[in-house]
Amino acid sequence: MVEPRDTVIREEDLNPDFLEELSELVEPVFEEEEVLSVQACYQCGTCTGSCPSGRRTSYRTRLIMRKLQLGLVDEVIKSDELWMCTTCYTCYERCPRGVKIVDAVKAARNLAAKKGYMAKAHRMVAMFVIKTGHAVPINDEIREVRKNIGLDEVPPTTHRYEEALEEVQKLVKINEFDKLIGYDWEEGDLVD
């Protein structure tokens, strides 16, 4: 069941400069025009109507875009819905205004992560990358399938080459990705 939302928008919650600030913050990854394209959204709902994730979750693309336009920073970066986008780009392909919706969502996710708001599932995937070098680590079932189709049970990746995994972990530490997701090296787990 969808929970009722607080629909009152207070003037003090608005940040009309949020898109500008967001575009400056994420410039090394996203072009300013990608984030600022959100301003062109006229709330037709095509994005929400075509979103495969929105059919199965509470994710409403149009609502995220509107909150970005209004500068409702906390509502955007603290929402679980922000992490429900699968980045399939269906919304972008169908948007009549060419709004770079997925890029704006990813930029907002970057900001959310920097401020300590990241979905547990995303943190878990990141932990798997740190521990194994893979978002989806190999398991016994996959080993068996590989063997049955004539492949080596262990693929020639970080699963086979310990030095490659060490390189991945070295990059994680250099970029402080471990701190971003709250990974404890001694415990080998996430810190909540």
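Keep in mind that glycine also has a Cβ here, set from the backbone N, Cα and C atoms.
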Candidates Cys44, Cys51, the one Swiss-Prot lists with Cys85, Cys88, Cys91 as binding [4Fe-4S] cluster 2: Cys51
Nearest-integer angstrom distance between the alpha carbons (Cα) of Cys44 ([4Fe-4S] cluster 1 binding site) and Cys91 ([4Fe-4S] cluster 2 binding site): 12
Candidates Cys51, Cys85, Cys88 (binding-site residues) - the one closest to Cys95 ([4Fe-4S] cluster 1 binding site) by CA: Cys51
Three-class DSSP secondary structure - Cys91 ([4Fe-4S] cluster 2 binding site): helix
Under 8 Å by Cβ from Cys41 ([4Fe-4S] cluster 1 binding site), same chain, sequence gap 6 or more: Arg62, Met65, Arg66, Gln69, Cys95, Arg97, Val99
